[in-house]
Amino acid sequence: MLPRLLLLICAPLCEPAELFLIASPSHPTEGSPVTLTCKMPFLQSSDAQFQFCFFRDTRALGPGWSSSPKLQIAAMWKEDTGSYWCEAQTMASKVLRSRRSQINVHRVPVADVSLETQPPGGQVMEGDRLVLICSVAMGTGDITFLWYKGAVGLNLQSKTQRSLTAEYEIPSVRESDAEQYYCVAENGYGPSPSGLVSITVRIPVSRPILMLRAPRAQAAVEDVLELHCEALRGSPPILYWFYHEDITLGSRSAPSGGGASFNLSLTEEHSGNYSCEANNGLGAQRSEAVTLNFTVPTGARSNHLTSGVIEGLLSTLGPATVALLFCYGLKRKIGRRSARDPLRSLPSPLPQEFTYLNSPTPGQLQPIYENVNVVSGDEVYSLAYYNQPEQESVAAETLGTHMEDKVSLDIYSRLRKANITDVDYEDAM
């Protein structure tokens, strides 16, 4: 009877103690550490020697069996979500198992996506290396990064990694790489894009080409020569310098790229070699020399000298010289008129038009008029005269004498005011 009583008393004390698994924190986020503890409430560790092992689902974690009742997990990830439990083994190979505990790992969505460039500022020389760095301020787990070119969105590359930043590299930048870029990051909660970043590719100027343009095939003194310099490649703005031999003629700017022109009025000293230089701050390039040769005719020099002397004399003598020259010309004109027509005598020979006295109406003789040049102002005078036959009767002579007395004093008669169609008499003669 006594052995049975002792068995009933000792039975509860001899049963294996219950195990509990404790996770700290119990609801971890991705990337955070977690500590697992295998615990027996009524059993002190000094009372017995145990070996512990931790499991997730059916897989053992850590180093396997260990004397430590704790397991430290450095970082938990979304895929670490599952059912966890632990086991304890006594020296007598008795194994105790805890209940299962569900641990859910929470993922943080990506946020605040940004795109940066290296070199900074988005300006890069042609042929240099360009790096596009996509970053997120927050987000956990595996993040997929994608890079796009242009507002339309040409996909360049994608990377998936457990990191807050990722890089896309262009080893050697070309002119066609000048565009707008952006990146997208996502970790299972939808894509989150960055802002647009403009990339400017700076291109050094190529060797410029110089062209000389003259108004004629053979350039001459006083012609305006156009010097046109153009670099076919190069980022604007471009500054052009123009040279005659090694003498600087001037400069012109092309703010939007392309070429520029410089005009030069040619003199005798402008024969020789011309060149130009292009510079956009990334290095200067000089054109090949262009030779311009032209000759100055001797006659042109003497004519140029004579006209210069005359112009100098006129400018020195001034209005007095002009007045004297005018008076001299007027005097010559008056003398020429006097020699040709002294005292405005009748024209000789007389016009061969006749009116005979034996006509049926002898009293209706018509005078013959000819215009005389202007005497003064705008008045025009005419010359009137008669012709008489050499052989006439006595009666006719008497009549002719009477008629001559009547008109002899009336040789000049004023006819009318001058108009624009009157012709100078002496000019008509």
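Including glycine, each Cβ sits where the backbone N, Cα and C put it.
Model, not experiment: these values are computed from the prediction.
For C229, the disulfide partner named by Swiss-Prot from the candidate list C134, C276 is C276. Per Swiss-Prot, the residue annotated N-linked glycosylation site among N263, N293 is N293. Residues 367-372 are the range that Swiss-Prot records as motif 'ITIM motif 2', among 109-114, 199-204, 367-372. Taking Cβ-Cβ distances under 8 Å and a sequence separation of 6 or more, the neighbours of N293 (N-linked glycosylation site) in its chain are S271. Sorting each residue of the domain 'Ig-like C2-type 1' (17-104) by its DSSP state yields 3 helix, 39 strand, 46 coil.
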